[in-house]
Amino acid sequence: MAGAGEWGNSGLAFHKCSNYRTAMAKPKKRYVCQACGSVATRWQGQCGECQEWNSLVEDAPATVFSQKHDLSSGGRLIALEGMEETGEAPERIGTGLAEFDRALGGGLVVGSAILMGGDPGIGKSTLLLQAAANIAKSGRGAVYISGEEAPAQVRMRARRLGVADAPVRLASATNARDILTTLGQGEPPALIVIDSIQTMFSDQIEGAPGTVSQVRGCAFELIRFAKECGSALVLVGHVTKDGNIAGPRVLEHMVDVVLAFEGERSHQYRILRGLKNRFGPVDEIGVFAMGAEGLAEIANPSSLFLSGREEPVAGSAVFPAIEGTRPVLVEIQALVVRLQSGATPRRAVVGWDGGRLAMLLAVLESRCGLNFSSAEVYLNVAGGYRLADPAADLAVVAALVSALADRPLAARATWFGEVSLAGEIRPVAHTSMRLREAAKLGFDRAHGPPADEAATIKGVSYDALDLLPKLVDRIMGGA
Ligand code: TYD
Ligand code: MG
């Protein structure tokens, strides 16, 4: 039919173009989207990939290398090596902040590049100045380059942090060439902080600072310097409204480690989370509190989450959720109010799917014999969270049963798993990530579907449940 004709045509077209050198004689213009980094061959008002308006900017033409150069000869030979371990762990430098080191997987790796993203005002500059001061005090060189603040401002912050006496070398600069020339003089420092990569520019690259080509080009040169000289390089990255590091995703591909610094600005707690780490695990987090003298480490973060939860309350269950690729602990609260009159009971949900709540209530009724039909049911996900993770079912059920029976759940227990219409508790993804996060935050018990990986997590006793009636028995029995 029509399809067969198209196949025939494309075959012909391919044949015509097989002499591609003549076909691609003129380098084509290319346009790069400043929001998502996708490349288009002609300018258009809206990016075809991410639908952002007015984001396409002309980039340097892609040269067809094979036209000008023959790449198949004339190069130096490279050594191809075996896969056997050489037994050398990468050399690391401590930042003097155990929580920072933990998020890095054990400190800064010599010659590595780290990208730190976070909302404005969250404390990125503060944390990095504290780390730079610690490293400088330990006798290793630390350089802090700010593209956003004058040295006087950085000095003022250092005074506030009580580290003004640390021999950190400061500069306010944005020209990558100046920075690299300066860093190339004398002994290379152990730590280089660039605050932020979006303010850097190179006179070799077209476009304003912050554009994809500038950010990519400057990051490339800085990373190359760090790798050659064995310095640890930290690039601060701005974050867009939706929480991604501004500029191209390529930046995340170029660096060895990506860290996100998170928290509510109105709240004092901050979490430093590894999103990518070529030298260690990514599910480690570092917890800090922002105070009048900078960021203080929180060695026992469960105190943070359990504050206000000293007395366990009926109807509250803690759920280790996965947000995108990140684990986060969320409290689910349920309230069940028995109605005296025959009025239609209300069901209200904040932060979760109302249809799913109705389904779970029906499952509890038909599989476990629990009667919610003459009671009003309210469900709330604390902290204004919206949950989309199907593993929330079990925590919701635990909160509902606890509320109905007026029996508080154990304060240090977490609940996760998907519930089927038949009343089975189904396996979910990322069990070990959920359990590690729970253990890190001081939760030592977990109830969930049968999972082999659960046994490998230290510090958490795991209660594998396959059917909902068993969960109800556990709660009635005081789990
Ligand atoms: P900053 O490190 O400048 O944030 P970022 O670099 O991520 O934009 O921190 C800014 C906020 O932190 C600012 O609102 C003031 C507050 N802060 C403190 O509360 N205590 C301190 O000791 C310091 C230095 C800052
Ligand atoms: Mg800053």
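Including glycine, each Cβ sits where the backbone N, Cα and C put it.
Ranges compared are 86-90, 241-245, 276-280, and TrEMBL records motif 'RadA KNRFG motif' for 276-280. Long-range contacts of the motif 'RadA KNRFG motif' (276-280) within the same chain: residues 90, 104-106, 109, 112, 252, 255-258, each at least 6 residues beyond the stretch ends and with a Cβ under 8 Å from a Cβ of the stretch.
Computed over the region 'Lon-protease-like' (376-479), the whole-number mean pLDDT of the model equals 90.
With DSSP states grouped into helix (H, G, I), strand (E, B) and coil, the motif 'RadA KNRFG motif' (276-280) comes out at 0 helix, 2 strand, 3 coil.
Taking Cβ-Cβ distances under 8 Å and a sequence gap of 6 or more within the same chain, the neighbours of P120 (ATP binding site) are H238, V239. G121 (ATP binding site) counts 10 other C-beta atoms within 10 Å of its own C-beta, drawing on all protein chains shown. Helix, strand and coil residue tallies for the region 'Lon-protease-like' (376-479), in that order: 41 helix, 23 strand, 40 coil [DSSP].
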